[in-house]
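What TrEMBL annotates here:
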DOMAIN    95-230  domain 'Glycosyltransferase RgtA/B/C/D-like'
REGION    548-575  region 'Disordered'
TRANSMEM  21-39  transmembrane segment
TRANSMEM  99-117  transmembrane segment
TRANSMEM  123-143  transmembrane segment
TRANSMEM  185-212  transmembrane segment
TRANSMEM  233-255  transmembrane segment
TRANSMEM  308-325  transmembrane segment
TRANSMEM  337-356  transmembrane segment
TRANSMEM  368-387  transmembrane segment
Amino acid sequence: MLSRLLPSTSAASGRWYDRAAWVWLAGALVTVLATFRQYGVTWDEAWHLAYGHRIWQWYTSGFTDTGALTYRINYLYGGGYDLLGAIFRAIARPMEGFTAIHLLGGLVGVLGLMGVWKLGRALAGPRVGLLALVMLTLHPVWWGHMFNNPKDSPFAVAYAWSLYYMVVAIGELPRPSRGTLAKLAVAIGLALSVRIAGLILLCFLALVLGLFVAHATWLRRSWAALAAYVRRALMIGVGVTAGAWAVMLVGWPWAQLDPLTRPFIALRRMSSFDAHQRKMPFGDAYLWNYDIGWEYLPHYFGFQTPELVLAMLAIGTLWGVAALLRRGGRPEHVRPALALLVLGMSIFVPPVYAVYKGSPLYDGYRHFLFVVPPMVALAAVTTEALIVRLRRRWARAAAWALTGALLVDLLVQSIRLHPHQVVYFNRLIGGVAGAIGHYDTDYYGNTNPEAMLGLQRWLWDNERETYLDSVYYFTGCLSGKAMRLHVPSNFRSFKTRPGEQYSDFSVGYLRDRCDTRFPDAPQIVAVERDGGVLNVVKDLRGLPISHRTEKGARKRLPRPEAAPSVSEKDKEASG
């Protein structure tokens with residue numbers, strides 16, 4: 001494997017792979033432009049939009065508007081992407097704000113696709129780059145998060161680009177170009193501007209430089225060489241860190257007031273973050289997220305990663321560890337070994353550290369979405385390395401055909417799930433239907449708009465004469481912003497009902513068992529994907545008023561007493 005990494009030149013055929021990659025990226029961009037309006041408003045988006053607006057006001061007010069310094073818990077995060085969102089929304093007017101931010105998310109997601117293409121290409125050539133690009137594009141969870149996840153998706157994009165420039169820098173050691181180091185600093189800075197957890201990238205860089213210095217010094221066996229290598233490594237490390245820090249601070253007003261201390265305060269607080277305590281399904285149990293064990297992330301990665309990527313990741317990990325142990329110290333392999341080491345650490349260190357720290361885990365692997373691009377890159381490297389080892393041409397052709405068929409199958413699954421790709425589960429658990437009741441699916445509320453649209457259609461089909469002249473009050477596990485964007489004018493929250501507050505309809509997705517509320521009400525609409533029900537609408541109008549309030553959401557109607565059996569009647573007669 002090591003001999004195939006960091007190729008110095010590309011074959012002429014590589015141009016065709018690069019052209020194919022550009023065509024693929026263009027297709028992804030067209031798809032984003034055609035579908036970005038179809039994704040719903042999720043729970044976190046309103047707060048991120050508000051935070052971005054406050055950061056913008058921090059600058060436009062001459063640093064006198066301090067709203068960004070205390071806004072919710074968001075001030076502990078960098079707001080680089082949120083600031084970009086505020087600027088983009090201003091440019092995109094009169095487009096509605098959430099619609100604009102979904103477009104921005106899709107565009108940034110395409111940049112992430114480009115980043116993994118570059119990463120795969122730098123690791124093992126143009127064909128691997130194209131394969132990594134296709135694999136990530138067709139990864140349903142990645143694609144679904146692009147549009148309405150304003151934290152995890154942009155961080156993952158910056159993480160992928162940081163790894164790419166780090167691999168390029170490794171290939172240029174001991175003297176990476178200034179351009180490479182500047183781009184690496186910007187990429188890491190952008191990651192830090194979204195999450196302080198991007199510090200792990202600087203740790204990877206420090207380890208790479210330290211190992212290279214140790215290996216080079218061991219080969220030279222000279223104190224003078226050690227001093228020279230250490231000096232050069234320090235210049236690289238300090239320069240990249242300083243540049244990344246400067247980029248990070250642009251979108252983080254709270255950290256600007258104490259740039260050397262506050263980022264580490266945020267890191268400490270975020271590492272033990274426990275504001276989101278909730279119960280959730282896991283396997284056959286329903287547990288608090290702070291009671292989840294180490295197996296939580298392996299379960300989700302195992303069931304929400306496409307089978308091809310999962311298999312190649314497992315093989316590549318074992319193969320890579322063996323290659324590093326057997327040949328990683330050879331002079332001709334030191335740079336490929338460092339690149340492979342960084343790739344492996346970028347995949348496994350973050351989740352292992354989170355488990356070690358006992359961090360609360362929830363929403364599947366949403367918070368670890370950033371490890372998906374390096375996972376895909378390693379899977380692509382492994383796929384190509386295995387296929388080229390086949391000696392017979394027909395065997396290689398058959399292997400590529402099988403790979404293509406698996407990727408086409410992923411495309412079909414993604415289309416069927418649209419626009420709810422984030423609920424994807426692979427066949428190891430039986431798809432979405434097999435996961436429901438055992439794992440979180442639509443934890444973000446992306447299915448609510450489709451449920452509301454289904455309710456409108458149901459009323460039009462069944463109560464057309466009164467539909468347009470009636471006002472309906474509903475309840476549901478929806479964010480206020482999502483309600484205003486996706487609900488027509490004659491639908492209103494039950495909280496606005498004069499007098500006693502009760503609902504006519506209930507919209508419930510699976511999180512917090514919202515779909516099980518009002519158990520005696522008939523279900524009139526269901527949002528389904530892959531054989532699993534993700535959201536339901538219930539008609540509450542046939543229930544007593546006391547059962548249509550929030551306090552009555554879990555009440556059941558009294559069951560009529562069963563008629564006595566014949567034997568019981570005989571006993572009463574004989575008594």
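Easy rule for this one: first residue shown is 1, then count along the chain.
Here the Cβ of each residue, glycine as well, is placed from N, Cα and C on the backbone.
In summary, the transmembrane segment (21-39) does not lie against the transmembrane segment (368-387): fewer than three C-beta pairs, each 6 or more positions apart in sequence, are under 8 Å.
Computed over the domain 'Glycosyltransferase RgtA/B/C/D-like' (95-230), the whole-number mean pLDDT of the model equals 96. Within the domain 'Glycosyltransferase RgtA/B/C/D-like' (95-230), the DSSP-based counts of helix, strand and coil residues read 118 helix, 0 strand, 18 coil. The stretches the transmembrane segment (308-325) and the transmembrane segment (233-255) do not meet in space: the count of Cβ pairs below 8 angstroms, excluding pairs fewer than 6 apart in sequence, stays at fewer than three.
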